[in-house]
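Trainee: When I checked Swiss-Prot for this same protein, it listed these features:
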type     : residues : note
ACT_SITE : D8       : active site, proton acceptor
ACT_SITE : D131     : active site, proton donor
Amino acid sequence: MLIIPAIDLKDGHCVRLKQGLMEDATVFSEDPGAMARHWVDQGGKRLHLVDLNGAFAGKPVNEGAIKAIVKAVGNDIPIQLGGGIRDLDTIERYLDDGISYVIVGTAAVKSPGFLHEACYAFPGQIMVGLDAKDGKVAVDGWSKLTGHDVIDLAKKFEDYGVEAVVYTDIGRDGMLTGVNIEATVALAQALTIPVIASGGVTNLDDVRRLAEVESEGIIGAITGRAIYEGTLNFTEAQALADELSQI
């Protein structure tokens with residue numbers, strides 16, 4: 001199971017939000033490229049980037065910072081990116097820039113046809129980001145709750161050729177309250193496509209609990225605030241996940 005460091009970008013800086021609230025941002029670094037390189041040097045096998053401004057604006061905003069990260073990382077590890085991706089031109093531009101996987105969130109919920117087109121145009125490189133609160137999907141940078149049940153919606157996307165589902169529990173994101181194992185496992189069990197867990201991964205116990213259910217289809221866990229504030233040592237977390245994967 002991959003432990004995936006998150007780099008959330010706001011106004012060109014690396015930040016973390018609590019429950020997706022832009023006004024509750026903590027700046028962790030003003031040099032996104034250096035931060036990305038740090039996680040590679042610590043043994044990271046993949047990076048998770050989010051253009052937070054883009055998620056709210058509905059178009060790319062932090063492209064400069066994203067290019068700096070790609071340049072710093074080079075071809076060392078894959079990078080997945082979400083936030084503000086609403087058209088095929090944006091996807092193509094990011095992939096040309098060196099991003100490995102593009103995460104379609106709001107646009108997948110509002111325009112399933114667009115998601116289908118994206119999967120057809122860029123096979124193996126499109127993920128779906130489903131962000132949920134109490135089992136209901138949120139859109140537009142988490143600012144609006146829909147009536148869609150997260151499992152029902154994810155199952156509709158299975159035949160599209162989606163590479164993975166990035167599932168975020170909004171209520172736990174950035175709160176250091178522990179991962180929602182039950183909801184994550186329920187989603188993974190309902191799908192044939194892999195799930196990457198996000199939101200609330202706080203300590204080694206969370207990593208252990210997720211790694212123990214990896215066989216249900218959970219291929220990774222994204223962590224942000226915990227590795228920046230020190231409640232989780234990234235290198236230890238990946239080592240534990242690797243160890244449990246071999247049992």
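Start at 1 and count along the chain as shown; that gives each residue its number.
Cβ coordinates are placed from backbone N, Cα and C, and glycine is handled just like the others.
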Trainee: Report, in whole Å, the straight Cα-to-Cα distance of the residue listed as 'active site, proton donor' from D8 (active site, proton acceptor).
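Mentor: So the alpha carbons of D8 (active site, proton acceptor) and the residue listed as 'active site, proton donor' sit roughly 15 Å from each other.
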Trainee: Within 10 Å of the Cβ of the residue listed as 'active site, proton acceptor', how many other Cβ atoms are there?
Mentor: 26
